[in-house]
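K.L.:
For reference, Swiss-Prot lists these features for the protein:
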- 34-216: domain 'BPL/LPL catalytic' (DOMAIN)
- ARG73, GLY74, GLY75, GLN76, VAL77, THR78, TRP79, HIS80, ALA140, LEU141, GLY142, GLY153, LEU154, SER155: substrate binding site (BINDING)
- LYS137: site 'Lowers pKa of active site Cys' (SITE)
- CYS171: active site, acyl-thioester intermediate (ACT_SITE)
Amino acid sequence: MPCALEHIHTRYLGEQPYEPTWTAMRTFTEERSSETRDELWLLQHPPVYTLGQAGRPEHILDTGETPVVHTDRGGQVTWHGPGQLVAYPLLDLRRWGLGVRTLVHALEQSVVSLLAAYGVPSHRREDAPGVYVDGAKVAALGIRVRRGCSYHGLSLNVCNDPAPFERIHPCGYAGLTTTRVHDLGITTPLDRLEVELGIYLLQAIDAASRASRHDRA
């Protein structure tokens, strides 16, 4: 069975514009073969609102001059910007024995584990994917699977401007509040949290893969 820490190549990409990154993810997924190494991209985006395939325009209240991009991920509307960590796992799910739901849970678990390491309890919600602390959303998810391979992923609010979330119904839920890692008393620098998130995500993929294979044995 492959080990995620050894077989998934992690790339730290800094701040990258959203649309070229989206194009690069699609191209990587379309052109990959059964031999292509999986990758994990960790980065930030300049300010942008993205609307998923299930997105409804009424959940966008007033985006001002911030661009809105209609994308092919699952989910509704969210915001990306500086101070928010984004993780895009580009995986051949068959290689890891994962389904879409299992991948979503692994992404959520990576954030739950990260926050738990700092003594902050968090939880997922079956009716609204993501990670929550005392009812406030700290991490959002949206993925796409093509030919058994995933792209898009997870965003974690760390020290970003919270105001842009007031201009939308985050993830399609009116009145949903958001929070940030730094609001939770965690002052670890962003670049260190990025590394830690990547490690916890790879560990969560490993754990989900082992559980999936055990269930089928």
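Residue 1 is the first one shown; counting continues down the chain.
Cβ atoms here come from the backbone N, Cα and C positions, even for glycine.
Burial and contacts for the listed features, if you can.
P.N.:
In the three-state DSSP assignment, the secondary structure recorded for TRP79 (substrate binding site) is strand.
LYS137 (site 'Lowers pKa of active site Cys') falls within a strand segment according to DSSP.
On its own chain, CYS171 (active site, acyl-thioester intermediate) has GLY75, GLN76, VAL77, THR78, ALA128, PRO129, GLY130, LYS137, ALA140 as residues at least 6 apart in sequence with a Cβ closer than 8 Å to its own Cβ.
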K.L.:
Please state whether DSSP places LEU154 (substrate binding site) in a helix, a strand or coil.
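P.N.:
Looking at the DSSP assignment, LEU154 (substrate binding site) belongs to a strand.
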K.L.:
For a quick check of understanding: given the listed substrate-binding residues ARG73, GLY74, GLY75, GLN76, VAL77, THR78, TRP79, HIS80, ALA140, LEU141, GLY142, GLY153, LEU154, SER155, what is the maximum Cα-Cα distance in angstrom, as an integer?
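P.N.:
So the binding residues stretch over 15 Å, Cα to Cα.
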K.L.:
Could you tell me which of these binding-site residues, GLY75, GLY142, has the fewest other Cβ atoms within 10 Å of its Cβ?
P.N.:
GLY75
K.L.:
What's the number of neighbouring CB atoms sitting within 10 A of the CB on ARG73 (substrate binding site)?
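P.N.:
If we count other Cβ atoms within 10 Å of ARG73 (substrate binding site), we arrive at 20.
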